[in-house]
Amino acid sequence: MTLPLFQGLILFRGPALRCSSVTMMGSWDNCDDALVSPLPSAALTSSSELFSTHSPSFAKLNRRDGAGGWSPLESNEQQWLQVDLGDRVEIVAVATQGRYGSSDWVTGYALMFSDTGRNWKQYRQDDAVWVFTGNSNADSVVHHKLLHSMKARFLRFIPLKWNVGGRIGLRVEVFGCSYKSDIADFDGRSSLLYRFNQKLMSTFKDVVSLKFKSMQGDGVLFHGEGQRGDYITLELQKGKLSLHLNLGDSNLHFSNSHTSVTLGSLLDDQHWHSVLIERFNKQVNFTVDKHTQHFRTKGDSDHLDIDYELSFGGIPVPGKPGTFQRKNFHGCVENLYYNGVNIIDLAKRRKPQIYTGNVTFSCSEPQIVPITFVSASRSYLLLPGTAQIDGLSVSFQFRTWNKDGLLLFTELSENSGHLLVYLHGGRLMLLIQKETENPVEISEGTNLHDGLWHSVNINARRHRITLTLDSDAATASHATTVSRIYSGNSYYFGGCPDNFTDSQCLNPITAFQGCMRLIFIDNQPKDLILVQQGSLGNFSDLHIDLCGIKDRCLPDYCEHGGKCSQSWSTFYCDCNNTGYVGATCHNSVYEQSCEAYRHQGRTSGFFYIDSDGSGPLGPLRVFCNITEDKIWTEVQHNSTGLTRVQGAGPEKPYTMSLNYSSSAEQLEAVINSAEYCEQEAAYYCRKSRLLNTPNGVPFAWWVGRANEKHLYWGGSLPGIQQCACGLEESCLDMRYFCNCDADREEWTNDTGLLAFKDHLPVTQIVITDTNRSNSEAAWKIGPLRCHGDRQFWNAASFNTEVSADISFFFKTTALSGVFLENLGIKDFIRIEISSPKEITFSIEVGNGPTEATVQSPTALNDNQWHYVRAERNLKQTSLQVDNLPKKVLEAPAEGHFRLQLNSQLFVGGTASRQKGFLGCIRSLHLNGQKLDLEERAKMTPGVKPGCPGHCSSYGNLCHNGGKCVEKYNGYFCDCTNSAYEGPFCKEEVSALFEAGTSVTYTFQEPYPVTKNASTSSSAIYVDAVVAKENIALSFLTAHTPSLLLYINTYFHEYLAVILSKNGSLQVRYKLSKDGLLIFTIDSGNFANRELHRVKINREGRELVIQVDQVLKLKHNFSEIDFKAIKSLTLGKVTDSLSLDPEVSKANAYGFTGCLSSVQYNHISPLKAALRHPSVAPVTVQGSLTESSCASMMEADVNTATTTYSSSDPFGKTDEREPLTNAVRSDSAVIGGVIAVVIFIIFCIIAIMSRFLYQHKQAHRNSQKKEKEYPENLESSFKADIDLQNTVSECKREYFI
């Protein structure tokens, strides 16, 4: 058992994980005034109050009057405390207390803010609704500075958690300062024109910044254009912001210089959004809120040329005041700056360069109250209507990401049925169901779950009903009913209450999750604030005065090009055709190196490798050349052949760029992760100088990584202007350091390997000396070749804060221990073996600790290598151990998801130095990055680099008797005692035998020989008893009879494997005591040009014969002492004097065909003859050609004859040999041929009759003598032998 090497712990710093987790979230100088304390009491309002002494007027920080703070009538999550700050201010911090001298305090709360006291927005941090930590008692103050300041007039505190033994109790303070801004209000028909001082404004640098808010999803914010075709446009399109740019192209129809970039989403929410555009030449930074996209413009120009003016709010048509080319912007713009010019300030001061068209300078706020249906099962809104009106009129607007959901249900009066409006598969459906009539159904629209606002209008009059979508009357749908439609008195929006008996509300589909606004019933608007106050209708699980829709695809957490889609509560990633899998397309489907493929038992071939795993680099197609000693990774480029060059000189150099069909970053990752890399560089020359040595300016050079020029050639060292022959002092002319620099008339070359990794790969070659008379050159740069994977046995790191994947191999005999741990103030991440059969992945990101545990049916502390992969992303936490079922835990739809870790990364233990791991860890990967475990282990007490015992896990990859041999950082398969070769001892060693070919392996001493035996003693032969034979071989032939294998001893015993004349297989044992034993397998013709595998195994007295993996025979010898083996022969036995007549008959033909993978115990005679003919005691006579039996079997065989032919091992005739004398018109010749044929037929009949009679008589005599004289079985032999039907008094035959 290998001793565990991980006897301490390793401490690593995780730089990418060291995010601050602090209470101070921002810093604003001179903006920390207390804003609540100077306000009048009326500025504080609330959802309710317990008593007048608990009113919000007593909710200022440190106040003790009244009941000492605010408490609502009921303590639930629907309560709020609101502060009217009097004007828009900048809010940077908040503070809270509980109610003085009580057990009432809030332990967790959220914030909402608004400019108008309507249409609230939740304060978010890390892209989630932020929950602030509240108080732990009634009087201490908890202060929070905000990561992002808020600009608002109204602020609401929303208690979410409170003291279990008390009620909600709250006193508050808000800190900040006044906020001044310049605002312009555009009504959808107005604009601002900023005219330049000159006719043309040409800029190479532009900066535009502004903030805007709008309820409309479309509209132009600003536009400028020039006569040459330049333009810049910022435009709202379906709630997203698009920037269109074109630099310097007058022929727009024939150019591709137009550039468009889209950012943001849901920007029509009537909240402020910030925009920043920075352009320098072609480089542009486009920022919307906190999302930035960097891009380069197309085309050749760096300048933006704009004529006359810039327009803000629309694109006016020249010469037509008040007419616009596209939809104008409708909303407010704040702090609009163009290249440092305050546009709105100029307009307010009526400066002449600004034309103001119907623009006002205060923001008019529409008093629209949105509502959010939060729950997928419990949310609903009940509003009253007027019953028994002849007809029906309902309208509303909605937005959602869900394909399905109930929008409206109402029970019609006068028994006229009920009406449902719902989404199904993104289509709007209207259904009227009556008991006595067929249902009436109308459908409208597609893809209505796109997150945009859609309006619905339902009008019914008498028998006719109309459904209008998005105010498009031209496409409205109509239907008629048999009976009249009468309005009901209750309208359920979004869902139904749980109690069907009271409501009679039916929902055939799921509840609606999304937002609604502008609800009209009977042409009357419904005041949803009255609903919130409890004086109108009823509701459940609603957020009123707030649209809580969120674009979960912004930012896009789908990695590696995965396509994001979403529902109300989550997002999905389509990973098809990306090369990655997982909830966020995070995990590569490809291995990181050829070394990893080799450990899967894969052989040489083309593979995709992903060098950085789940990192940003994509997969790369390489050729993995998996050999016995090294695993080579080869990357081809576009010019690997020999390329001739003529006519190139210093004024007109020859240049060729090499394309590897991959990025420079991908190649660099492959090179950096390898232990060694090389590229062959060859330069063939005739009167063409290479480096112009010893001191001249080079005539040729190559360019490598980072576009760096190099003046040395293959086989030399960096910085030395020489070729390989210069270092070796073997150049043709010793005055030069390159053969080609001798400038000779005859062809020569300089060839060598470029092996300095930091300079590879070769990306370009330049040649400048082939323009003289008779001057010519040819060059060749080989593929990039690397071997060794520095990460497969040793690596570690963290990468991102949102997604983190951890993978490693471990082996241990310990009962438990921690693999790794990283801590923050509250957050942590830990992976451990918690019991011999359990691996646990624990993580805390602010939502409470999560544990994923995988249980194994077998012990994991078995000192074998086991694989662990843990991943955590926005959607799920998962843990995979070996090939066991993955444990997946879904993440909450809302909540924190950024790891706040600021400590060291502990590998092999915990921060407390407890529960240390004893064993080995290798190949530690975290998001594809690496930390050097071995280097850190060298300096850490109790930890040793490396870990032996790889063969205990990977030894099964060595096949066919190959032996697994340990290496420092891996293993290899030793195929010395195997008849096979290759990295896994799986590649056959085979050869083509022709007539007379013989391979004889001579045992140098009697085999086996005891250590103290003397070669002159006859005791050698007595003691050297072979206790077993393990024989295996594959053969392919079309010839019979044949001798495949022959083993003889010094005691004239032998073992022979023969193909009989009829194609059956014979195994013949000649033993001193048992005599001659013949085992015949006649289950088919084995000379059928197909590859057959024969195994003969004898252990003591038991013999087993298998053919083609099928058991054919079992036999028990009475006694066996196969002693003192002399030689083993494949094919023809050259010393045939001592052969039995039967073997001699087969030996006359030898073997013609293909033999493969011949094994006798630990000896491989055929492999020795082909691989080590000068070392091994093997003799080859005749023609022996290495070949592949398997490929020969697949080749087309045109003839099936078994006629012997020395020129063709498969009995095929030479089709090119002309047929002579094939046709004769001479009748005499024809008659002679007929006479000869008749004579031959008579002769054959006579011979066969004679033979059959003799055979029958001999068989009877044999049976009689075997019964009467069993001791004389070796007394006689037949003189005439037939290998197919040989029966003798001296032998036994076994037919299978």
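Any Cβ shown, glycine's included, is placed from N, Cα and C.
Taken from TrEMBL, the feature domain 'F5/8 type C' covers 19-177.
If you look up TrEMBL, you'll see 183-363 (among others) marked as domain 'Laminin G'.
Annotated domain 'Laminin G' per TrEMBL: 370-547 (among others), in sequence order.
Residues 127, 264-266, 269, 291, 372, 376, 399-403, 451, 513-515, 608, 610, 614, 616, 618-619, 802-803, 805, 871, 873-876, 878, 893 of the same chain, all 6+ positions outside the domain 'EGF-like' (549-586), place their C-beta atoms under 8 angstroms from a C-beta of that stretch. The domain 'EGF-like' annotation in TrEMBL covers 549-586 (among others).
What TrEMBL lists as domain 'Fibrinogen C-terminal' is 585-637. Taken together, the residues in the domain 'Fibrinogen C-terminal' (585-637) have a mean pLDDT of 88 on the 0 to 100 scale.
Sequence annotations record features per position, and here TrEMBL assigns domain 'Laminin G' to 768-947 (among others).
As annotated by TrEMBL, disulfide bond applies to Cys920-Cys947.
Summarising the annotation, TrEMBL assigns domain 'EGF-like' to 948-986 (among others). Secondary structure of the domain 'EGF-like' (948-986) per DSSP (helix as H, G, I; strand as E, B; remaining residues coil): 7 helix, 12 strand, 20 coil.
Per TrEMBL, domain 'Laminin G' is recorded for 998-1189 (among others).
Annotated transmembrane segment per TrEMBL: 1228-1253, in sequence order.
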Neighbouring C-beta atoms (10 Å sphere around the C-beta of Cys947 (disulfide bond)): 25
Helix-strand-coil residue split for the domain 'EGF-like' (549-586), DSSP-based: 0 helix, 10 strand, 28 coil
Cβ neighbour count (within 10 Å, all chains shown) around Cys920 (disulfide bond): 23
